[in-house]
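Asker: Annotations for this protein, taken from TrEMBL, read as follows:
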| type | residues | note |
| --- | --- | --- |
| ACT_SITE | A:96 | active site, schiff-base intermediate with DXP |
| BINDING | A:157, A:183, A:184, A:205, A:206 | 1-deoxy-D-xylulose 5-phosphate binding site |
| DOMAIN | A:7-248 | domain 'Thiazole synthase ThiG' |
């Protein structure tokens, strides 16, 4: 069954986006990409060093869509500068806006994120903002030109799962934008649950990078995302409070 | 309110009794907490925690890997000048020592930068002795203008400056401030700092906060361990970090754990900080401040550094010289003796063997021409 996800004019068959941070060695990245089946990979511009012998970008196969992120930005202004740097460094015109003012929990600043999205979308960037799942903010991001929104499931790197499930459910129902659940997903079952809910994709890094066997975990997430998506497309059966008898006792009344 | 108020309260505690009142049960309770409070931190720093170092280490390791992954950021210090107007009883740069003092010219700064950058390092910490005449903020700023072309992050470790001076350096491209209180215990501080502006305790204590106010991206603090009873010094340091983190959430607050090292003079510190004590401090810091970077310098010997990389450390110095122009000039006087003299390649090899990825670059100095319209 053809079920592509189209973002910024790019057609994707994998709905698992992955990251490049936290690995014990960069040479794991191409193997993780292969096992995960992912086609989109986020990379923090702050880690990119074209002059380094071990430049992180050289480990990313050319078929991947690069999603440079503005990790480290504390204001819209910094995010905009980082996005422009990424573009001028040849990393393409996709950008994941990350504006984080809170170094204790690493929660995003939605107001600054909206400001940065307005500017960068107007400049032709394909903008994917990382955000706290708030409907008003998501609608403003949509109006600002975001190509998708990326609500957090739980704080970055926490592996705590879909703590914001109800809010993400509202974003899926109300925004009309692709919703890519980002941050917090620690288990393949949680990725599957996000996809069952109707998320368009999930992005994760810590869960794979810090697993005992990152390659096997990458494969597990590929299967989970695929299973969750299929379940969503198939339409989950209704959940009843009481047992629904397959041989009704009152059928004779009809 | 300043952290000084907290410090004053702490100094009134009857520590002789306080540390002894913690029990194994308090330590176990603290280990179960998701967010440690002051009492939990004290339990982990107390003698009662000593039998629980392994459990603390396991939790600290898990927290570090989840928050920071398998990466270790590398940096190196670069000494610009060793002129100093203070007499501190534990430092070779003290004004009482007679040796040829140096201050790098901008050309020498450039050559030193080229030599360091050639090793692959992109983060640098520039240091000076404390002299507003010989190495004023304007000199540091001129050096930063040179260094920006070679490094993606430049931090400073210089005498305490005003908020305005810090803000000016931030505009010039400095993104981090390191400033050690040296010793938090006020009476000991007075005794160790015999002469010079460094005697003004509050000026130093409040300087990291001025750095936060000036907008530095990171502020790194620490006590020089060994100068006073280490449990109290570690407690004050951690609470200082938490105070800054709570008040300035946009700033990354980091911790350093320097231990006293031999220097030109013959001062011997009052408190022996054993390897076990150092480990207990690192673990307590990590459990109390899960998101804070913890830096490990070459003051520690290679074998110990190799073990500590799994216990909560997130930043290490490498290829270190503590002499002015130590990478390109000869004949300098080191500020103190280092213990781990391995070069950058050797540190990389060690980290990789331990399943860790050395990271050379973790920030970009942002170009003003790319600012928002």
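Residue positions begin at 1 at the first shown residue.
Every residue, even glycine, has its Cβ placed from backbone N, Cα and C.
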Asker: Max CA to CA distance in Å over the 1-deoxy-D-xylulose 5-phosphate-binding set A:157, A:183, A:184, A:205, A:206?
Answerer: 9
Asker: By the criterion CB under 8 A from chain B, which of the recorded positions A:96, A:183, A:184 would you report?
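Answerer: It is none; no candidate comes close enough.
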Asker: Give me the sequence-ordered set of same-chain residues, not including A:157, A:183, A:184, A:205, A:206, with a C-beta within 8 angstroms of the centroid of the 1-deoxy-D-xylulose 5-phosphate site's C-beta atoms.
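Answerer: Output for this site, in sequence order: A:19, A:154, A:155, A:156, A:158, A:159, A:182, A:185, A:186, A:204, A:207.
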Asker: How long is the line from the C-alpha of residue A:184 (1-deoxy-D-xylulose 5-phosphate binding site) to the C-alpha of the residue listed as 'active site, schiff-base intermediate with DXP', rounded to the nearest angstrom?
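Answerer: Residue A:184 (1-deoxy-D-xylulose 5-phosphate binding site) to the residue listed as 'active site, schiff-base intermediate with DXP', Cα-Cα distance: 17 Å.
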Asker: Long-range neighbours only, meaning 6 or more apart in sequence with Cβ under 8 Å: which ones does residue A:183 (1-deoxy-D-xylulose 5-phosphate binding site) have?
Answerer: A:130, A:152, A:153, A:154, A:155, A:156, A:157, A:158, A:203, A:204
Asker: Round to the nearest Å and give the CA-to-CA distance linking residue A:205 (1-deoxy-D-xylulose 5-phosphate binding site) with residue A:96 (active site, schiff-base intermediate with DXP).
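Answerer: A Cα-Cα distance of 14 Å.
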Asker: Return one of helix, strand or coil for residue A:206 (1-deoxy-D-xylulose 5-phosphate binding site), based on DSSP.
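Answerer: The three-state answer is helix.
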